[in-house]
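Chemist: First, the structure itself, so that you have it in front of you.
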Amino acid sequence: MELDQVGWRRSRKLCTDNLDQGSKTLETCKNIGGYFKPQGPGTEHINELITGDSIVSAEAVWDHVTMANRELAFKAGDVIKVLDASNKDWWWGQIDDEEGWFPASFVRLWVNQEDGVEEGPSDVQNGHLDPNSDCLCLGRPLQNRDQMRANVINEIMSTERHYIKHLKDICEGYLKQCRKRRDMFSDEQLKVIFGNIEDIYRFQMGFVRDLEKQYNNDDPHLSEIGPCFLEHQDGFWIYSEYCNNHLDACMELSKLMKDSRYQHFFEACRLLQQMIDIAIDGFLLTPVQKICKYPLQLAELLKYTAQDHSDYRYVAAALAVMRNVTQQINERKRRLENIDKIAQWQASVLDWEGEDILDRSSELIYTGEMAWIYQPYGRNQQRVFFLFDHQMVLCKKDLIRRDILYYKGRIDMDKYEVVDIEDGRDDDFNVSMKNAFKLHNKETEEIHLFFAKKLEEKIRWLRAFREERKMVQEDEKIGFEISENQKRQAAMTVRKVSKQKGVNSARSVPPSYPPPQDPLNQGQYLVPDGIAQSQVFEFTEPKRSQSPFWQNFSRLTPFKK
C-alpha cells in the first residue's frame, strides 16, 4: 500500500474479519486496495464531467492553511466545487465566491455525482460502483435511488473501518510505546496528549460491531443503520472530553517537539506501526474531524432514503441526535476558549474573596444592574450582578470611577430557586414591588429580593436563570468540567497580560462596565425560544458574536491611585 495517498476513497473490498477484536493489522488489510486516485483516466473522467456542465464536488479531508494569494484555504469537512482537475496534484476549485488552487490529496470526491443539480453542501451528485474493479467511478448517471443509497451506506462502512484502524494505530503505535518510556513521559503528560483516546477506541469498536450486524452485504441499500446511532447516542458524548482537551494536547506536543529526541521518537513509533506519513498531531486530530462528519454523512444518507424505507425515521432521528451532539460539543469547546477572559475579569475585581470563579463555573450567562434587598437587613442596595453557571457574583461600583468594581459576595445558584412575583406589596420585606423576583434558599429559607428597572429586563433575568439551570443539567449529563491544567493555563495568561501592561495582577485594571445588554440581540449567551441551536452554533466555525462585556478589556487605561 502506498503511504502518500492520504484521504482518498479506498476501493470497496473491505476486511471485516475479527474487526470487533481490534486485531486487524496493516498486513492483513492490504487487500483493501488503494484510495481512489484522481490520476490518469480518473482525472479525465472528472474533467469530462466538468466540461459537460456537470457539478463535481469534493469534501476536504484535511485543513489547508495557506497565505498564498492563488491558493484556496479550507477546513476539514468543507465542500469544494472542482472547476479543473487537469493536474494530478493541484486542482482549481471554488468555495462560495473564493477560487484558487488546492492540493488534490487534501480532498476526496463525494460518493454520488449527479448531473444538473444545484451546488450546495446538502447536494449529492451522481456516481456508481464498477462491479469489475470495485472502485468508485464517475461520469455515468445513476437512475436507481437504491444504488445511490447503497453507495452512501458503503461509504459510511468504509470510513468507519478505516477510522478504527487510525484509532488502533494511535493507541498501539504511539500511546503504548510512550508508556514504556517513563524517562520521557509522565502520566500527566500522556493524559494531556492523548486524552481519553482509549475510551473512544473501545466505544468505536462496539459501535462498528453493531453497524456490521445491520449491514446487508448483498443488498447494502436495505441496511438499517439508523438504530445503531440511536442506541449509541449517549456514548458519543465521550468525544466532548477529547475535543475540549485537544488544544492542550497540541500545546504540549508543540513544547515536546522542540526537543529532537521527541521528534525522532514519534517518527520511530510511526514507522514501527507502519502508519501513513503524517505527523502525530494529524492522527490526534482525526477524532475531532470524525465527530463533526457524522451529521454530513447522515444528511447524505437521509437524502437517498425513501420515506417508506424501514430505516427512514431512524436515520432522521439519528441525524437530529448527531447534530445536537456536535453542536453541544462545539458549545463546550467555545466555553473553554473563554475561560481566560473569565480569569482576567476576576483579576480586575477589587477585594476578591473566596474561591476562584473557574473552580465552579465556565460561562458568563448574563449581567446587569438591579436593586437588591437581603432579608436580614431589608435595606435597598444597588448592585451589579454577574450570573455564571452555578453562582451569581455581586459587585459594587466605585463612587468616583464607575468602571471599577468591588467584590461584595456571591449566591450559590445550586441552593436557590427563582420565584417570579407579581407587582404589589410584599409582606416579608414590607415594600412595594414592581418588576421584582426572589431567590429562595430551599435549605435555610433565606430570601433575596431583586428589582429590575423595566419589565423587559426582569424577563431577561428570568430567562437567564432558566438557561443557567439547563446548562448545569447538561454539563452534569456529559461530565463537563474544566481541568486543572486548563485552570493553570488561564492563570498564566492573566499573569502574562498583567505583566505586559505593567500592572500588578493583584490589583489589575478593571474593565469599563457596559450598560445591561439584551442577550438576544447583542450576541450574548441566551438563545431565543423557538430558534434551533443549529441556527446559532456550527461545530467547525462558531459564529457567535463576542459579548460586549469582554470587548472592553482591549480598551482599558491604566488605573492610577
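Glycine residues also receive a Cβ, built from the backbone N, Cα and C atoms like all the rest.
Copying in the features that Swiss-Prot gives for the protein in this structure:
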- 53-112: domain 'SH3' (DOMAIN)
- 145-155: region 'Interaction with GPHN' (REGION)
- 148-332: domain 'DH' (DOMAIN)
- 363-470: domain 'PH' (DOMAIN)
- 499-524: region 'Disordered' (REGION)
- Ser547: phosphoserine (MOD_RES)
Chemist: Per the definition of 3+ C-beta pairs under 8 A with sequence separation of 6 or more, do the domain 'DH' (148-332) and the domain 'SH3' (53-112) touch?
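Modeler: They are in contact.
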Chemist: Using DSSP, break the domain 'PH' (363-470) down into helix, strand and coil residues and give each count.
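Modeler: Residue counts for the domain 'PH' (363-470) by secondary structure: 19 helix, 56 strand, 33 coil.
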Chemist: By DSSP assignment, list the helix, strand and coil residue numbers for the domain 'SH3' (53-112), in that order.
Modeler: 3 helix, 29 strand, 28 coil
Chemist: How many of the residues that make up the region 'Interaction with GPHN' (145-155) does DSSP mark as helix, as strand and as coil?
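Modeler: Residue counts in helix, strand and coil order: 11 helix, 0 strand, 0 coil.
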Chemist: Can you work out the mean pLDDT of the predicted model over the domain 'PH' (363-470)?
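Modeler: A mean pLDDT of 90 is what the predicted model shows over the domain 'PH' (363-470).
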